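Just below is one structure, and these are the notes that go with it.
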């Protein structure tokens, strides 16, 4: 247990250097059931949970090379595949016809093309986990600085909680749709949230096992729905010819769905063994783990949404933006078996919410390092307490919530990706003394004075929005450029931020005399 104590103390890092806490201040009784206490009475708590759950990983502490031994690279495919093979992907695809007036063909072309591009950044960042042993937001300290990374951490927490809210709304609506009015959306949302919370309590190992199996009943449900309703998909509502405004605005939603995974990519790969082709294996498994479920289910959502107005039962089921009601109507010809499959579809979001809770705990520890001593389940409970009321409030305006959220988070995610990539390819490659770790000195991960100041990253990110805002085309705001050409905010954010960060970071390197 001494190594565990040392990692906890290391993780607390500079935030506790002024206190009297040292390694001798921590004591554990028993090998796995124990008592964590500070000698001076600062913290005292008995854990009935297995310590292997509380410290299911090393938290935000870099994983040592000797612990990066997992060679079952296919597991990461199922983490991403199951997390996206759900009704949230379905509803996102349905925005093409319902919110932007696109035909099935045009919606599917946008979905395929932009997912082909936007799955690349998160899949690439996944490959850094085995090489560095760093969680994604800890790695971001090498661009944003020890304190500056608080900003993307907060934005990422909003991102993760936002997806949990959307998942909870959809799961609750879908569950309620099979109860014939005997179960409200609110109760459905509570049930889905509590089930997801329970899954998150089971730890990373059980989550991996769950993700490997949970997609199978979802696949069966979608196949049966297609078998029952596929005959209607060839008849769709007539639409106006696609315009640049509608295509690019829908593209910003599609991009916002997947590129935000870039801020949590390496959270799930720090225990994999580096070398031996692990880069290509993890990269390809992750790319197709994103692309296949997202593209397939989003295209299905677009096709069903285009046909729904011409099928009375579907149109009635989807009244007031009830995606769950639409799915229940598709499966209703199967009777009670159809209701059972609808319940399975409602549970398809549980894995995504549980995985989000896992990353939320890591983000909070980066934000406030001293909280590493807090059991992870506390963060999951806190996240649930936030997600539940917001889900209930947003349930009756789901499509507006979904469209605005996915578009807006795409802007900051583009900034984040641009900054991390420029730092990696331009500046870290100059650090030849640490070539084996891609130019990153892993001893600096919690040393504020040795890390970059973060000023170039923050300034570049903020200045970028001076041009992003005029390029927006959202329900909340339409800029002059966005009004004419559509929403190109995430594309502008990426390229402009690349240029600004390249210049500003170069100035910082010259001023400090080191990377």
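Positions of Cβ are set from backbone N, Cα and C atoms, glycine also.
Owing to the predicted nature of the structure, the values given are computational and were not obtained by experimental measurement.
The feature transmembrane segment is assigned by TrEMBL to 77-96, 108-126, 146-170, 182-207, 213-230, 242-264, 284-311, 381-399, 405-427, 457-482, 488-504.
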Out of 77-96, 146-170, 242-264, 284-311, 381-399, which stretch has the largest tally of CB pairs under 8 angstroms to the transmembrane segment (488-504)? 242-264
Relative to the transmembrane segment (381-399), the stretch among 146-170, 213-230, 242-264, 284-311 with the most Cβ pairs under 8 Å is 146-170
Counting only residues 6+ away from its ends, which parts of the chain sit with a Cβ under 8 Å from the transmembrane segment (242-264)? 80, 89, 92, 95-96, 99-103, 106-107, 110-111, 114-115, 118-119, 121-122, 125, 136-137, 140, 152, 156, 159-160, 163, 290, 294, 298, 359, 403, 405-410, 413-414, 416-417, 420, 473-474, 482-490
With the greatest number of Cβ pairs under 8 Å to the transmembrane segment (213-230), the stretch among 77-96, 108-126, 182-207, 457-482 is 77-96
Listed stretch, out of 77-96, 146-170, 284-311, 457-482, that has the most CB pairs under 8 angstroms to the transmembrane segment (108-126): 284-311
Remote residues contacting the transmembrane segment (146-170) - C-beta distance under 8 A, at least 6 residues beyond either end: 14, 86-88, 91, 137, 140, 185, 189, 192-193, 196, 260, 263-264, 323-324, 346, 349, 352-353, 356-357, 359-360, 363-364, 366-367, 383, 386-388, 390-391, 394-395, 398, 401-402, 405, 409, 412-413, 416, 446-448, 451, 453-455, 457-458, 461
Who are the chain neighbours of the transmembrane segment (77-96) in space, where the CB to CB distance is under 8 Å and they lie at least 6 residues beyond its ends? 102, 106-108, 110-111, 163, 166-167, 170-171, 174, 208, 210-212, 214-215, 218-219, 250, 253-254, 257, 261, 268, 285-286, 288-290, 292-294, 296-302, 304-305, 323-324, 327, 345-346, 348-349, 351-352, 355, 398-399, 402-403, 406
